[in-house]
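Please read the structure below before turning to the comments.
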Amino acid sequence: MARKTLRARRFFSLIFPFFFITSVYAEQTPVSAKTVTVEAKNETFAPQHPDQYQSWKATSEQSAREDALAEDPRLVILWAGYPFSRDYNKPRGHAYAVTDVRETLRTGAPKTAEDGPLPMACWSCKSPDVARLIQQEGEDGYFHGKWARGGPEIVNDLGCADCHNTASDDFAQGKPALTLSRPYAERAMEAIGKPFEKAGRFDQQSMVCGQCHVEYYFDGKNKAVKFPWDEGMKVENMEQYYDAIAFSDWTNSLSKTPMLKAQHPEYETWSAGIHGKNNVTCIDCHMPKVQNAEGKLYTDHKIGNPFDNFAQTCANCHTQDKASLQKVVAERKQAIHDLKIKVEDQLVHAHFEAKAAWDAGATDAEMKPILNDIRHAQWRWDLAIASHGIHMHAPEEGLRMLGSAMDKAADARTKLARLLATKGITHEIPLPDISTKEKAQKAIGLNMQQINAEKQDFLKTVVPQWEDQARKNGLLSQ
């Protein structure tokens, strides 16, 4: 009866920037090679779908920024040599998708369309303009070049055309018209035996979210987005896949380990949990059916915590009261957090001990099995913690991954102790003071004053040019 009830209730200054920047970006005018049907301006659909649009717009209320590095400075060491050691904030509302990727220190401070540390692929989950560009340029064309190339093009926040076929008759008639607007996501679903077009309505609801809330990597010369699901979606399956192709996201600057960085694997972890196994979808919990002022039901697009809409979400299946379920979730969250910190402590020591071994003259052959253990330990830890809701989606799987991460980290440290002893080092390897984010960043050699200054200059000069160009090209509303 509870399941039947659930199914019944479903559904961004400066005006005159520097001339050289102006000239660089003014050359970027869109050339449409194909017929483009994706309308990326979300406000276009407000008259037709007012309740959905206003609730989507309300994600701007989710404006608080939580600095994960300040909260847990160990992360700086684990990501030494990678942009995440500069800046890592917890996610906030969809209305900030474009703003946040522009403002994060991870994307650097490019001055031209060919400048900067990251590829175009870093826009891929931020805007319906991505779907528009893929349709216009093809996947290879979209992925080609640096992240800054997309600045004047990708300007509308994650919204309608990311999940809905807004050009379809069904959408015009008020139906969801769900779609996978990223072809690479469609291929990934097929790889795990879930072709989108053959999936049922409930499966499609989660698959649409799974275009972005997933683990992915940048493949080949073009740095195209690919999901590592060829061997399956469990942490070991993806680890095996990455090892087989000898892939690494970066090399840790302390231990010289070829590392893997997990992204936001909510689809994978949800699939492994009790809700996923029972096909309780992302929409059921995060986008419930609610009533407008006239009593008409619509799908709430202010994606958020299910407890904020308890009667329309959890209570559809659970008989416990809100306080009881909150207590259960809090206990699971604390258990995962406690084990997470223990694994991080082991990994921090392992990275510094590996550095000491290299400094003492260790060879590549001696270090290879150790670095492999560090790689696998941190990968398993990261896949567990990068999914911010794992304590709700799959707590048992989270604890299992963290447990295996602890075992791998212990294996690495045991081998390091033996290797260091052969080099005449039997004392404990001391750690620098990493008690704050700032001290940890100093310990790995980051010049944060320079990095921050360059970013502020970028935001004051380049970004306004992007927006001006987008308005001239009709990509942003005036």
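Cβ from N, Cα, C; glycine included.
Record note: Swiss-Prot gives C314, C317, H318 as heme c 5-binding, and the candidate from H275, H349, H351 in that site is H275. Matching H94, H144 to the heme c 3 binding residues that Swiss-Prot gives (C209, C212, H213) identifies H94.
The annotation in Swiss-Prot ties C282, C285, H286 to heme c 4, and of the candidates under consideration, H49, H164, H393, H427, the one tied to the same site is H393. For the heme c 2 site, Swiss-Prot records C160, C163, H164, and the single candidate of H301, H337 listed with them is H301.
DSSP classifies H164 (heme c 2 binding site) as strand under the three-state reduction. C160 (heme c 2 binding site) has H264 as its nearest neighbour among the binding-site residues Q263, H264, C317, going by CA to CA distance. As a whole number, the greatest separation of Cα atoms within the heme c 5-binding residue list H275, C314, C317, H318 is 12 Å. Taking Cβ-Cβ distances under 8 Å and a sequence gap of 6 or more within the same chain, the neighbours of C163 (heme c 2 binding site) are L178, T179, S181, V208, C209, Q211. Other residues of the same chain near the heme c 3 site, with their Cβ within 8 Å of the Cβ centroid of H94, C209, C212, H213, are C125, L158, G210, Q211, E266, C282, I303.
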